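Record features (TrEMBL):
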type    : residues       : note
BINDING : Arg66, Glu121  : substrate binding site
BINDING : Glu121, Asp147 : Mg(2+) binding site
DOMAIN  : 6-215          : domain 'HpcH/HpaI aldolase/citrate lyase'
Amino acid sequence: MTRPYRSVLYIPAANARAMEKAQSLPTDAIIFDLEDAVSPSEKPAARDALGAALESGYGARARIVRINGMDSEWGADDARACAGPLAGKAEAVLIPKVNSAADLDVVAGIIPDTPLWAMMETPLAMLNAAEIAAHPRLAGMVMGTNDLAKELNSRFRADRLPMQAGLGLCVLAAKAHGKVIIDGVYNAFKDDEGLRIECEQGRDMGFDGKTLIHPAQLAVANASFAPTEAEVELARRQIAAFDEAMAQGKGVAVVDGKIVENLHIETARKTLDKARAIAEMAG
Ligand SMILES: CC(C)(COP(=O)(O)OP(=O)(O)OC[C@H]1O[C@@H](n2cnc3c(N)ncnc32)[C@H](O)[C@@H]1OP(=O)(O)O)[C@@H](O)C(=O)NCCC(=O)NCCSC(=O)C[C@H](O)C(=O)O
Ligand SMILES: [Mg+2]
């Protein structure tokens, strides 16, 4: 069954209180951040403390460790820690500012087994999205819309028009290679309505979920990226109608005045599968 990634919460790995709190938060996944959210003076201690933290009770929540860039003074030590004391304690290692598949090769050469995820947050990453997504060790991609906006010198707009080309290229690349793709953060963490609009846009584009920076954002993301009751009910009716059509030797059914073919049944089954995975996550 597919693991849900509706909500993917960043937690600074130097913030012990936030890491403890996340054990009871309704988040599908957690990114334990060693990069931007941790000050240079805290980085070595945060890395050392992560081993014990990752072993505490996160239940079914996916644990992802974001290391520092390999061009920084901490990246190589972070990667070695993921291959050493942190090995087997996280579901994935997230690499910032990936520009090409060759950047993944470097980390893959240090960390032998753990699945790799890539931050998609540079203009080169947008142009190389297909080769990055095709990398055999890559399991997921995360949009870094703050860094991308910085690199593009673009303005933040509610409709994210300046981001659309990059977002679209990354969704296409991830889907072409069957990888998870998570949307970027919404910085105004007290603005529920703005977050809801951005989540809906991401969901409509095909993103699997949204990265978040504060627990107050969880409910909106979880609701936006889950199938609605109406979608679940429609999926069930489509499957039932299609089964009946098949029993009568037909290849097409009609539900609510719209045709239902085999391809729609695949989508319907994915909807039910996702709804089941979310229900299991909730326990
Ligand atoms: C933004 C924050 C600094 C705000 O923190 P704070 O002032 O502590 O908020 P609150 O007082 O409202 O917190 C209430 C309680 O919630 C806990 N909390 C806060 N944030 C988190 C969290 N992320 N995960 C878990 N728990 C959290 C507090 O501890 C309070 O708990 P309690 O004591 O029980 O009351 C802070 O939210 C924060 O640091 N957020 C994460 C920032 C971060 O990770 N940034 C880096 C990732 S974003 C990025 O890099 C994007 C990308 O690369 C790009 O380019 O776009
Ligand atoms: Mg970034």
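Even glycines carry a Cβ here, placed using N, Cα and C.
Here the features listed in TrEMBL are painted onto the structure.
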| residue | record | CB count, 10 Å |
| --- | --- | --- |
| Arg66 | substrate binding site | 24 |
| Glu121 | substrate binding site | 24 |
| Asp147 | Mg(2+) binding site | 18 |
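A helical conformation is recorded for Asp147 (Mg(2+) binding site) in the three-state DSSP classification. Each residue contributes its Cα atom, and for Arg66 (substrate binding site) and Asp147 (Mg(2+) binding site) those atoms are 15 Å apart. When the Cα atoms are compared, Glu121 (substrate binding site) and Asp147 (Mg(2+) binding site) turn out to be 5 Å apart.
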